[in-house]
C-alpha cells in the first residue's frame, strides 16, 4: 500500500476522516456510513490475496441501531469460493466470518475493524438471520438484502390451546390425574342432585363393594384407585338407566300401556254390541245408541283414570320426598346427639373429676296408712 494512504489514516486533516459529511448520528440512533466501507477497503486494494467481489447493499438491524444502504467495495469481504452456491450463504456465519483475515495486525484498519466487531456482535445468538437465495449459478453476484428477524421468544404464551376432551367417552385409564379428579367431582354432583338414596348406595357398591356405610354417614369419599375401566363403564350405564329422564319415560310407558289395555276392553265391548245389532235388525238403533254411550263413558273413564294415575303418582312423589326429609332430620338429630355425648365424655375424661364415679340406685318404699291422719294436730 502507498505511504500516502497510511498517512491519510494516521494523520488526518479532519478529526473523523472515515466518516463523511453524510455520515451522522440521527436522533433515532441511526448511523449512516454510506462511504465508510469504501474508504475502509481502499487500504487493501493492492492485496492479491483478496478475491474480487462486487459491491453489495446490506442492512443490519441490531439492538435498535440501523445501518442502512451502505455501498461496500469489492474488497470488503474476503475471498470466497464461488464454485459452490452454499458458500455464499456462509458469509454471515460466525465460524466462517471469524476465519477471514481482512486486516493484518498492526494496521489502522485492523483497529477500525476491531471497533466495528465490538460495536456489532456478529455472533449474536439472539437473531436468526434469513438470507434469501441469490442466483449465483446464472452469473448474478449481488446478494439480496440481509434482514435479521427476531425469533419467537420461548416466554411468549402459546396461542395453541389444548382442546377439552369429552370425558364421558374416555375410559378411566386414558384420563390424566386432573381429568380423573374433575370427572369424579362431576359424577358426585350429578348423582347427589339427580338420584335418590337407593341409587347412590348402588353406585357406591359398584365403585367399592367392600364399603361399610352406617345410617349416620352423610358423605362417602371416593378413592381414585378404586375405579377401573370396567367399574366406570358400569357406573355410566347405571346412571344412564336410572336418570330422571329415563324414569319419566318408563312412567309414561306404563301409563300408555294401561290406557291401551282399557281401550282394548272398550273396543271388545263395542264389537260384541255391534255383532248383536247385526243379528237383530229391530234393535240396531238401540245398540248403536248403546255403543255411542259406551264409547263416551269409556272416554270419560279413561280420562278419569289418567287423572287418578297422575294424582297418585304426584302423591307418591310427595310422600317419598316427605319420608326422605324426615329421615334426613332424624339422621341429623341422631348425629347431633352422638356428637354431644362424645364431647361430654371427652370433657369428663380430660377433667378427671369422674374417674371414681359410682352410680347408686335408691328405692323408697312408702307405707300405706290404714287410718286417717289428722293433719291439724
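Backbone N, Cα and C define each Cβ position, glycine as well.
Of the candidate ranges 205-233, 321-349, Swiss-Prot annotates residues 321-349 with the feature coiled coil. Beyond its flanks by at least six residues, the compositional bias 'Basic and acidic residues' (339-350) meets no residue of its own chain at a Cβ-Cβ distance under 8 Å. Per DSSP, the compositional bias 'Basic and acidic residues' (339-350) is made up of 12 helix, 0 strand, 0 coil.
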